[in-house]
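Trainee: Just dropping this structure here.
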Amino acid sequence: MSQRRLFVTTALPYANGNFHIGHIMEYIQADIWVRYQRMQGHEVNFVGADDAHGAPIMIAAEKAGKTPQQFVADIAAGRKPYLDGFHISFDNWHSTDGPENHQLAQQIYLDLKKAGLIETKTVEQFFDPDKNMFLPDRFIKGQCPKCGAKDQYGDNCEVCGAVYAPTDLINPYSALSGATPVLKSSEHFFFRLSDPRCVAFLEQWTQDGMLQTEVANKVKEWFSPRQNVDGTTSEGLDDWDISRDAPYFGIEIPDAPGKYFYVWLDAPVGYLASLKNLLDKKGLDYDAYMADPGLEQYHFIGKDIITFHTLFWPAMLHFSGRKTPDNVFVHGFLTVNNGEKMSKSRGTGLDPLKYLNLGMNPEWLRYYLAAKLNARNEDIDFNPEDFMARVNADLVGKYINIASRAAGFISKRFDGRLGEPSADGDALLEVLRGASPAIQELYAEREYGKALREVMQLADRVNGYVDQNKPWELAKQPGMEARLLDVCTVCIEAFRLLTIYLKPVLPALGTQVEDFLKTGSLTFRDAGASLGSGHVIGEYKHLMQRVDVKQLDALFEPPAAAPEPAQLTPGGEALAAPITIDDFAKVDLRIAKIVNCEAVEGSTKLLRLTLDVGEGKMRNVFSGIASAYTPDQLIGKHTVVVANLAPRKMKFGVSEGMVLAASHADEKAQPGIYVLEPLPGASPGLRVR
């Protein structure tokens, strides 16, 4: 097999927070494929980077009292424990704010401009009147114009995958202030994706059988006329707005002061920038590397960013004169407990760093996710009970068990030296060797679940051989040393083959086994050979613990609830029992003007108010507010009165309503009476609703 040269990436995480389990799942999926390719002897450059630009980072940095650069650097500093902890073998980790990305993004733009695919248009852009700034796409929310989903971002819909302009949103609002944004004009730069050249290229590129069927079918929808929920019709591919206005943390557009590239233009360029950064460190020429006709380029992404990677990205590369991806591998989302969305507060969130800090073996998770992953973009489900059962049964009960049942006899009885398998043992080993091509093909096609099922079926056959021959009984029988050596040798040879087949998924365990068996680094080529008679192995040491249910309980334990706030009694008394809206509607509250006010002779508490309630006649109302107000303080003011309260005959006259005022239940502890007064503009007779 000739050596291939591969350039592999994962989607760039946005640099505004720590990795979540979705990131780790994608990195594990890509890492398994990369390790398989390396075990085939191929040259792989596997790179990642932080997506470091955009208004959300700029705003978050400002809130944190940092520059955007320092904010991103602090996030990047926390990546290593995750990547090392889960054995992710990136060759390089970079940032889209690096000089390589600035240079490459600007050059790609200039090449697209030279190709006649950049144009400017005056657009109406949302502006937050409360924050006094143009709103980034991710700070505008509303209803998707394509499928009608609510609370979607201003640049793309997470439900249907549509990409649109923020102004296309239905019922938009500012995510920063909640205000309804206003439109202001601004000149923007567009990539002419609707150009017939782009359409023809993308129709061919996306439908040539390379992409997953479900992905190709989804992308195909965007080339056809379609009716949107807002009543408009999309005729096909739309031009792509690639600019944003200052203030913005990003890469400046050449010869366009105050204009920056939209983050989704420079983010995928970050793949190339990270590769260039790696090659520069190796002293290799980036341009020569990319010009190699044998170079293969692959991207692993989630299904929520298909449009960017299968339309914009290949078109940008092709029409700027660069290599296009050989494939884009799309995966689904990770759910928990039969499709439930993960939630830390409900105790169903899987925090990858917490997993590591609890001392849980990262290769348990690598194995479990691999056993669920396939070549389609289906969601996969994490079930804690299934996780424990599968890891304990497959890895410990089947795979590790083979070595633990044989290695001790080899070391104690035969000084660690292997023998020669007999005919029945050779037949079993040939079955294992014969499975190698199929297992390799499944890894190549990213059908990890099928590959691991094949491996575990082989492990079952080996364990059946062990159970049939019972080395622990052979060890007790005089004259059976040769058979004992034969059986145990077959077990060790089989264990080595199974280790080769599992090594892309379990790299750390693979290294332990290589040390134990004294084999050197194992590759798939080694599946056709054997350790051989006379080979000396090391002393067996326990290779893997079982999953403990206590660890799982701790992993999914919800965070401690915030202490309950002290129960407050508003105004010094408990709230009244709930009423219905119909109950409230019976009370007719009206705005009243206090035309006159006077003290009541014989009372220290009451004031007599003459009120205009808009009826064309005055009302007489007594109110117990004399301790707080003098008559001259109230005359000419407006207040709120209960207008339909039945007249009440009092010692000093008839009261024809009730003026609303507030006070504390304990007037001695908190003295004060406060008559309600509407804001300016209210007039007598208006109803309070």
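Every residue gets a Cβ built from N, Cα and C, even glycine.
The motif ''HIGH' region' annotation in Swiss-Prot covers 13-23. Under the heading Zn(2+) binding site, Swiss-Prot lists CYS144, CYS147, CYS157, CYS160. Annotation comment: Swiss-Prot describes 341-345 as motif ''KMSKS' region'. Residues annotated as ATP binding site in Swiss-Prot: LYS344. Look at Swiss-Prot and you will find 583-689 tagged as domain 'tRNA-binding'.
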Trainee: On the 0 to 100 scale, where does the mean pLDDT of the domain 'tRNA-binding' (583-689) fall?
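Mentor: Taking every residue in the domain 'tRNA-binding' (583-689) and averaging pLDDT yields 91.
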Trainee: When a 10 Å sphere is centred on the Cβ of CYS160 (Zn(2+) binding site), how many other Cβ atoms does it contain?
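Mentor: Around the Cβ of CYS160 (Zn(2+) binding site), 15 other Cβ atoms lie within 10 Å.
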Trainee: Write out how many residues of the motif ''HIGH' region' (13-23) are helix, how many strand and how many coil, based on DSSP.
Mentor: 3 helix, 1 strand, 7 coil
Trainee: Identify all same-chain residues not among CYS144, CYS147, CYS157, CYS160 whose C-beta atom falls within 8 angstroms of the centroid of the Zn(2+) site's C-beta atoms; report them in sequence order.
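Mentor: In sequence order, the nearby non-listed residues are PRO145, LYS146, GLY148, ALA149, GLN152, GLU158, VAL159, GLY161, ALA162.
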Trainee: Let's check the environment of CYS157 (Zn(2+) binding site): how many other CB atoms sit within 10 Å of its CB?
Mentor: 21
Trainee: CYS144, CYS147: which of these binding-site residues has the highest Cβ count within 10 Å of its own Cβ?
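Mentor: Most Cβ neighbours within 10 Å: CYS144.
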Trainee: Could you give me the DSSP helix, strand and coil counts for the domain 'tRNA-binding' (583-689)?
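Mentor: The composition, in the requested order, is 7 helix, 44 strand, 56 coil.
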Trainee: According to DSSP, folded down to helix, strand and coil, what is CYS157 (Zn(2+) binding site)?
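Mentor: Reduced to three states, the DSSP call for CYS157 (Zn(2+) binding site) is coil.
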Trainee: Return one of helix, strand or coil for CYS144 (Zn(2+) binding site), based on DSSP.
Mentor: coil
